[in-house]
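Beneath this line is the structure, given in structure tokens, with notes to follow.
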Amino acid sequence: MAPKTSKKTAFEEHGYEFLGPPGAFFISFILPVVVYIFAFACNDVTGCPPPSLLQPSTLTLAQLKREVGWPAEGIVGLFSWEALLATIGYVLVNAILYRVLPAEQVQGVKLRNGERLNYRLNTFYCHSVMLAVLAAGTAAQGAHFIVWTFISDNYIQIITANILLAYATATYVYIHSFSVKPGNKELRELAEGGQSGNILYDWFIGRELNPRVTLPFIGEIDLKEWLELRPGMFGWVLMNFVWMAKQHRTFGYVTDSMVLISVVQALYVVDSWWNESAILTTMDITTDGFGMMLAFGDFVWEPFAYALQTRYLAHHPVHLGPVYLTLMLAIIAAGYYIFRSANSQKNRFRINPDDPQVAHLNFIETKSGSKLLTSGWWGVSRHINYLGDWLQAWAYCLPCGVSGYQILSAGSNAPGSYVMNDGREVIQGEARGWAIPITCFYIIYFAVLLVHREGRDDIKCHRKYGKDWDRYKTIVRAKIIPGIY
């Protein structure tokens, strides 16, 4: 009698990621606290970090609350209905523009059932309109334009509003995922990695692969694709401009470091809007479910953790000068060239391997029919585009210098101080260097993210290509950085 074999479920094949339920808890409930810590640790009340943290022997909770600008109402003061309604309004405006503006109709990659979902892509047009409105408001009212002042004055409460939206969205799509039926006409599918049976983990990682909602007037929206580039990526650009306006209101000028970071990050984001269809082949869209992990990233992490450098510069101006500015631009140009040319090379090869620009490249053909490049950019490392992305991150953080500042009372007449519009003075003093973990956080975080993403991709490709992937790795040995990693 033949031995019985039990076929593994989709989740057993996939397994836990992000350390399973403990990791899901940490990212879902501890990282929001980290965002608040960033907001309070660098402030316009006493400095970055607060003075008490530099003198732990004198630290008291009451004193620390005063130094970080803790709300007078206590924890309740972290929330306001005004901020929540403004945040919801911001999302709805984007949704309305999504419906009324022209869009490109694009099909996604094949689903497990062999079908393809249709996507309506017009992020570039929507955000161009929104940026034009912001530019017009700034031209009329300058740094005191109501959008800039409202966001900076209600910054903590807006963070809270976005956290609540992330929780609400993740909970809705989790509950809604239980209505997915096999063979449904809407082409709804469950994500292989979101069917563990553990409520916390599945809510975090996402049960449904591509959840969609239909709203009155607006119509159908693919939540995962739509939120991937908005509101988070636009929020990143928006927050940089908020802090640029704040710097001008506070000191009466805008530094070259502020302009550099704001402009190059805006160009990076605009590039993603212009090439929106490229995200349809990314792991986020093709493999991951949509849950708290992606919702938190879209609503909270991107706009509030990625703009830490410009928020720092809003309170402590840094003047780069021609030499340092040129060096930063060179790093950005090198990183962007690697990132964009490598991605373009791969996309061109996927579309037409006989294209004269890529026809000379070497590759191995897998049993599944896919072709894996082993020369050109993709012969240098398996994820050479990650290296380009990470290089740009350095130029986002280095302009902050050896960071840290203290805010002194008006009339202190401290040598080398920057005088604020209310007479208070900003110096580095004892705080110098202590804010580096905040201003350089993006470099560290992004490195961890890319290494983790490379590991996830390696597992996915090994599952897909088997021995062909092992053979590929013997040819292209470097994972991200040639000769190092």
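Positions of Cβ are set from backbone N, Cα and C atoms, glycine also.
Look at TrEMBL and you will find 21-41, 78-101, 122-143, 155-175, 251-270, 290-308, 320-339, 434-451 tagged as transmembrane segment.
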Among 21-41, 78-101, 122-143, 155-175, 251-270, stretch most in contact with the transmembrane segment (434-451) (C-beta, under 8 angstroms): 21-41
Of 78-101, 122-143, 155-175, 290-308, 320-339, whichever stretch has the most CB pairs under 8 A to the transmembrane segment (251-270): 320-339
In contact by Cβ distance (the transmembrane segment (155-175), the transmembrane segment (122-143); 3 or more pairs under 8 Å): no
Outside the transmembrane segment (290-308), six or more residues from its ends: residues with CB under 8 Å to it: 18, 24, 27-28, 31-32, 35, 38-39, 42, 159, 162-163, 165-167, 169-170, 173-174, 191, 194, 202-211, 223-224, 227-228, 231-233, 235-236, 238-240, 243, 265, 284, 438-439, 441-442, 445
